[in-house]
Amino acid sequence: MKSLITPITAGLLLALSQPLLAATDTGGYAATAGGNVTGAVSKTATSMQDIVNIIDAARLDANGKKVKGGAYPLVITYTGNEDSLINAAAANICGQWSKDPRGVEIKEFTKGITIIGANGSSANFGIWIKKSSDVVVQNMRIGYLPGGAKDGDMIRVDDSPNVWVDHNELFAANHECDGTPDNDTTFESAVDIKGASNTVTVSYNYIHGVKKVGLDGSSSSDTGRNITYHHNYYNDVNARLPLQRGGLVHAYNNLYTNITGSGLNVRQNGQALIENNWFEKAINPVTSRYDGKNFGTWVLKGNNITKPADFSTYSITWTADTKPYVNADSWTSTGTFPTVAYNYSPVSAQCVKDKLPGYAGVGKNLATLTSTACK
């Protein structure tokens, strides 16, 4: 089989060996520099196990005593390459879901931690954040994870406030194999956020070939987070962009293309501000469905679609559900949204279409899209 890994130029093969200057402005609800703060210890990991070992060591003081929340802030640069595992999984899609998941767990670590992939690195394992805070995950290329039937998420944020998921590439196959539990678990989610994971920012990620992109809440009783999704590029994905259960979602400057099931699904009385995005070739791009009640509401502002007459121009279609549902097929706002509690400067939807693919994902030196680039 032809390799799925695109050759990388010599310039991009330079590892991100030094942490960037600390920054707490994520363009969203999260305000964190992760581990990149005063007193941070920087380490390099060449494998998944190295990351595990480095985090374990950071839990202990100089005397080997465990410190609650971690002994020191931590910046880990991951230089490993698992292209061979990714390509093998891509060649045997239906052989992955029943395997055990692979992942790094960041549990009860509140001192601050950043995991940043070196350019040219890749991972066939997930990053699972639980009961932690001030965590940043950047420039990680994660794909075709095993364990779809065993909660094998690429990135999972569980009971963890102040998390920033930024400039990653997350990918699998938008396909369902026969015989999987619930007929829905060939691969698990790209980014699931649940529990007490308030103030999270998901930005500049390139997410493609994923059936279930991401939860905002694990059940109808798991509600109430504030999450920002901005400058993400979604292509050939099925649904959950996100599946929002309650709380607030601010989605701005995202590019949604080739959406095969549904896009932003605002449920359980959630409120969404959907601003300056570009939608094309999308089924049910904004909807509230599957619960049959407690429909969420949205404010539509500055998107490329402004009226139903635009649907044919951008290949937007709508479907019904067996339960009561609400689609944005009149393309009007259905509610209100509170004043956004952070500074942000969205570019136009047209600029998102034209420029965002050059900024989202890995190997972009964490560059951000500004109005200057739109001229």
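Just so you know, glycine gets a Cβ as well, placed from its N, Cα and C.
The signal peptide annotation in Swiss-Prot covers 1-22. The annotation disulfide bond is assigned in Swiss-Prot to CYS94-CYS177, CYS351-CYS374. Under the heading Ca(2+) binding site, Swiss-Prot lists ASP151, ASP153, GLU188, ASP192. The active site annotation in Swiss-Prot covers ARG240, and the record cites sequence analysis as its basis.
ASP151 (Ca(2+) binding site) is 16 Å away from CYS94 (disulfide bond) when you measure Cα to Cα. With respect to CYS351 (disulfide bond), the closest of these recorded positions in Cα terms is ASP192, chosen from ASP151, ASP153, CYS177, GLU188, ASP192. The sparsest Cβ neighbourhood within 10 Å, among the listed binding-site residues (ASP151, ASP153, GLU188, ASP192), is found at ASP151.
Taking the Cβ of CYS177 (disulfide bond) as reference, residues of its chain lying under 8 Å away and at least six apart in sequence are, in sequence order, ILE93, CYS94, TRP97, THR186.
Straight-line distance linking the Cα atoms of ASP151 (Ca(2+) binding site) and the residue listed as 'active site', rounded to a whole number, equals 16 Å.
For the pair formed by CYS374 (disulfide bond) and ASP192 (Ca(2+) binding site), distance between Cα atoms is given as 31 Å, rounded to the nearest Å.
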